[in-house]
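According to TrEMBL:
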{"type": "REGION", "residues": "1-31", "note": "region 'Disordered'"}
{"type": "COMPBIAS", "residues": "1-13", "note": "compositional bias 'Polar residues'"}
{"type": "TRANSMEM", "residues": "62-81", "note": "transmembrane segment"}
{"type": "DOMAIN", "residues": "62-644", "note": "domain 'Major facilitator superfamily (MFS) profile'"}
{"type": "TRANSMEM", "residues": "101-122", "note": "transmembrane segment"}
{"type": "TRANSMEM", "residues": "129-149", "note": "transmembrane segment"}
{"type": "TRANSMEM", "residues": "185-209", "note": "transmembrane segment"}
{"type": "TRANSMEM", "residues": "221-248", "note": "transmembrane segment"}
{"type": "TRANSMEM", "residues": "268-290", "note": "transmembrane segment"}
{"type": "TRANSMEM", "residues": "339-360", "note": "transmembrane segment"}
{"type": "TRANSMEM", "residues": "380-402", "note": "transmembrane segment"}
{"type": "TRANSMEM", "residues": "409-429", "note": "transmembrane segment"}
{"type": "DOMAIN", "residues": "451-509", "note": "domain 'Kazal-like'"}
{"type": "TRANSMEM", "residues": "536-556", "note": "transmembrane segment"}
{"type": "TRANSMEM", "residues": "620-647", "note": "transmembrane segment"}
């Protein structure tokens, strides 16, 4: 025992002497951090290195173009796509499950490319891989518009009059019309290409920035980068709302159809994708020329503090330059890190929630508060995206100024997630359930007949559900009817202030007065003017999203700190695979399927089920709340496990020193001497 202490003392003395007598001179030290001219020069080709462009080889300039890239990705994927899904359901006869798969195809494309792209990303110029991705994303946007230019003009009118004919008129059959539902495959392909193209943006681009910045700078830069990824969706929602107020066929202004007064309105959903495709092409050229590394990046990497979990860095050091044969060992090093795994699964829980709600957020407002598609899109974008952007910015500032260690950051995230659950209680506010004749409400003049659109009052109208396009009217009794025919309306509609009014409706009691005339029903669904709970729900959504996105920057920093530096690109890629496989891919699919189960009335006929016309409001809201509650509980659980299991590398060193030392003071275990950085710094 005494000899061990003596030998240890000799080792301490030797270390002390070695520190007083540096092995390398100042000149040699500078040589170690000298930049490789080929790696730090802006160029598009070895023979194309304009001298005037070299001043742009700075992280701030890179941040500008990466921010534009993330803005464009958010604009199209989380903005335009999500804002037009309900419109696509109507125009192309899709269910919520099918439209939800449109959103999920982005993540499917990303998953298939993330692992190979991030595994080889460190060996090539990451700026060029990102540029190639943007080019593919541009193609995806243009593919998304194909259905608009390859189909006939939108015809919102039924082949026959929607009125009640007591004469027993024979109606023509229009079931020979080709269904547009097969165009869902084109939308799936376009969104898949979006995912393939965007796969480097939140893996290679993040590591690209982090490798050229200090820890403090990295937090601020990444906060700005992720904030731009949310400003993109904000613009996408706002522009999407504007485009949806323009009729789908540009240059045509239907006299009997308006965005706010009918559920048959289809806006110009395709315009935004032409914009995003063009913008992606513009960004490709300048981004392609950025260097592999920036001046001074070698010194920055050398001076960064090592915070990998346990002995992960030592395991990584046993591998040579990363190649195909090291793929499985690399995966093993990362997945054997419990902190990485639980941080990733906490992010997956949030990803399911965010992907599901961002995809169907406009539908939630349309269903529960009976607003138009353009109003729902505009409102969701106005509230949710700025809240998320502020959350990202504040999260980045916390990293910039707090300098908290990994464990403290994780416990902070647990606290924020718990407070977020309390804000979520505001989602309990909702309006009263709407009444729909023959669905959840008996026909007024037929009290004993329910769950059928046919009733005594429209028996002689010869209304056949498959013969009429869904064209709801709101009766004077505040009940919704499937169409004027099912309401028993026998008089042609009168256009007043942009809305059709119908008279002589045998199923409706009471009158609506408009322009000193009496009518039985008005075009469109009924709106509860006394319900003022939508602002409460919107404020709650804002605070809820602030908490979710505040956490994202600290957890991202923790991820990059707890995995070996050499595996940073690959680790981020693997994490994004987890986020997509267990998060954003199933999110829209699961919520879409849950929403479909609450549908009380489907449109369509001719052997094909179309989109949902009316949802059970109570079941719909219960599904959304339950979906959110379960996922937030899982997120908190995973964050607690990550914080509890984290082991700083210095604690592993202390155990090695006390237990695994030889008599001469050398480290015995392979983890101990595999990396010189793990030796204790004894002064």
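Even glycines carry a Cβ here, placed using N, Cα and C.
In TrEMBL, annotation is done automatically, which means it is predicted and not curated.
Just going by CB pairs under 8 A, the stretch in 221-248, 268-290, 339-360, 380-402, 409-429 that sits most against the transmembrane segment (536-556) is 380-402.
The transmembrane segment (62-81) and the transmembrane segment (620-647) are not in contact, since fewer than 3 Cβ pairs between them lie under 8 Å (pairs 6 or more apart in sequence). Pairs of Cβ atoms less than 8 Å apart link the transmembrane segment (339-360) most often to 620-647, out of 101-122, 221-248, 268-290, 620-647.
Contact between the transmembrane segment (129-149) and the transmembrane segment (620-647) is not supported: fewer than 3 Cβ pairs lie under 8 Å, counting only residues 6 or more apart in sequence. Highest Cβ pair count under 8 Å relative to the transmembrane segment (620-647), across stretches 101-122, 185-209, 221-248, 268-290, 409-429: 409-429.
The helix, strand and coil residue counts that DSSP assigns across the domain 'Kazal-like' (451-509) are 9 helix, 14 strand, 36 coil. Using a Cβ-Cβ cut-off under 8 Å and counting only residues 6 or more beyond its ends in the same chain, the transmembrane segment (185-209) has close neighbours at 59, 62-63, 66, 69-70, 73, 76-77, 81, 88, 92, 101-103, 105-114, 117-118, 121-122, 126-127, 129-130, 133-141, 143-144, 146-147, 218, 221-222, 225, 229, 273, 280, 556, 560, 568-569, 572-573, 576. Within its own chain, the transmembrane segment (221-248) is flanked in space by residues 59, 63, 66-68, 70-76, 78-80, 82-84, 87, 91, 148, 154, 202, 205-206, 209-210, 213, 254, 257, 259, 265-272, 275, 358, 373-375, 377-378, 380-382, 385-386, 388-389, 392-393, 395-397, 399-400, 549, 552-553, 556-557, which lie at least six positions past its ends and keep a Cβ under 8 Å from the stretch.
Panel annotation: around the transmembrane segment (101-122), residues 77, 81-82, 85, 88, 129, 184, 187-189, 191-200, 203-204, 207, 322, 327, 330, 355, 359, 566, 569-570, 572-574, 576-577, 580-581, 583-589, 592 of the same chain, lying at least six beyond its termini, place a Cβ under 8 Å from a Cβ of the stretch.
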